[in-house]
Amino acid sequence: MVSASEKMTLPSHGVANGHAQLDSGHARLHELGYKQELKRDLSVISNFAFSFSIISVLTGVTTLYNTGLNYGGPVSFVYGWFIVSAFTMIVALSMAEICSSYPTSGGLYYWSAKLAGPRWAPFASWITGWFNIVGQWAVTTSVDFSLAQLIQVIILLSTGGKNGGGYEASKYVVIALHAGILLLHGIVNSLPISLLSFLGQIAAIWNVLGVFVLMIVIPTVAPERASAKFVFTHFNSENENGISSRPYIFLLGLLMSQYTLTGFDASAHMTEETKDADRNGPKGIISAVGISVVVGWVYILGITFAVIDIPFLLSEDNDAGGYAIAQIFYVTFKKRYGNGTGGIICLVIVAVAIFFCGMSSVTSNSRMAYAFSRDGAMPLSSLWHKVNKQEVPIYAVWLSVFISFCMALTSLGSIVAFEAMVSIATIGLYIAYALPIFFRVTLAQNHFVAGPFNLGRYGVIVGWTAVLWVVTISILFSLPVSYPITIKTLNYTPVAVGCLLILVVSYWIISARHWFKGPITNI
């Protein structure tokens, strides 16, 4: 075992226990008290690819394009995207700085434990960890369910569309599709990390190329195109939700952008499998957000130039049943060539991107579950942190798949309940992002030891800005989205997040405070 004094002087490429040569991230992991159990095989490109694939602008923008059209339209897309992007990058910079100092698969909950100090470490770690892992499960649920819904629309359009007698899958068929997608993601994530890394890089390439293909093809094929004035200045204040305040409408329209730019903590959860993780982990976080910002804006512009009639795109009576982007793709090719086959192919491009997004999301989920159970925080922890001969946390992979399927079952009873469940995907995750940053700028302000990547004297200012932004969006996305407020129109986001908070804190008070002491080193 390395003594305290040896830990303090262990060089970046030093020797652990007098044997194997370590890279800087591996050495730092050893200093933090963890032995290497996962195969360190990822480059900075592969680390970036996992976060970039989870952010997946093709997934987020396509899934919530209806929301953006309904609340502000083009102005919310074009300008709201940059507002959200700027603040998201601030959050990412703060997270990257902490990741450089603590490159472990535990990520956020480990950071909170170290930054909150000995007195608050167990509780800080506990609440951050549970918000993080439940938020990640909600992300996987929403991503794979949205893919099932898109496949439903592709089938509908391929069989003639809603107005041509096309096949409309029931909610039971959609949940079966969702189960099949999760099963495939479980199988893929059971592969060795080298193969998963290769697929992650393909996913990143697919997302970039897919965006550029679609942003060029759709406006080019469209027989009618919106004017630049429409794209950059039109504000859609007409909605069936009883909201007339233009500032309020614009703020609600930010949800599409914020939902899309979520999930970049995956780079942190993959650090124990990344070479030179104290440098490459932060690079993965920042580059994933930065490139997504550019690629996302390009995609939004390309699609919005094909928007002609917003009410028609949102109408459930169109061929795609009200799925705006699907209708845009389909009608663009149908008007030009007499059939919508080309539009369906474009939807398949998006569907593959969403599949890769879900794949990477399960990867991130499983690494978080592996690390959290390694520290004894989950029921049956001894099972979830086991790795197989390929050094994959196989039980954690299938746990993530199973829970994501169970969360989607709420859609069979009530779509409102399901939407409340997946709302945790955005708010829950960002709360988990903000907690370690908050501890870094408060309790740890004077004793935070920066890693190779750091913000220097700007760290505290950037950190406080990040925390305030998370508070802002948490309030914003908890506000009513429709008036008058009824059981069916109530925004259940604060209810879902509040219930999660009550459960986590209650579990802590009743039981966990007696046995959970925060991250436990395994050296």
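Residue 1 is the first one shown; counting continues down the chain.
Heads up, the Cβ atoms here are built off N, Cα and C, so glycines get one too.
As annotated by TrEMBL, transmembrane segment applies to 44-65, 77-99, 120-139, 173-192, 198-222, 285-308, 342-362, 395-418, 424-443, 455-479, 491-510.
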Contact between the transmembrane segment (424-443) and the transmembrane segment (455-479) (at least 3 Cβ pairs under 8 Å, separation 6+): yes
The transmembrane segment (285-308) vs the transmembrane segment (491-510): 3 or more CB pairs under 8 Å: no
Distal contacts, the transmembrane segment (77-99) - CB-CB under 8 A, six or more residues away: 68, 107-108, 111, 115, 231-232, 250, 253-254, 256-258, 261, 264-265, 267-268, 271, 278, 281-283, 285-286, 288-290, 293, 296-297, 300-301, 304, 430, 433-434, 436-437, 440, 450-451, 453-455, 459, 462-463, 465-466, 469-470
Feature contact check the transmembrane segment (455-479) with the transmembrane segment (44-65), CB under 8 Å, 3 or more pairs: no
Range from 198-222, 342-362, 455-479, 491-510 with the greatest count of C-beta pairs under 8 A to the transmembrane segment (173-192): 342-362
Folded-back contacts onto the transmembrane segment (342-362), same chain, C-beta under 8 angstroms, at least six residues removed: 49-51, 53-54, 56, 58-59, 62-63, 136, 139-140, 143-144, 146-147, 150-151, 153-154, 157-158, 181-182, 184-186, 188-189, 199-200, 202-203, 206-207, 210, 213-214, 217-218, 221, 263, 266, 325-326, 328-334, 397, 400-401, 404
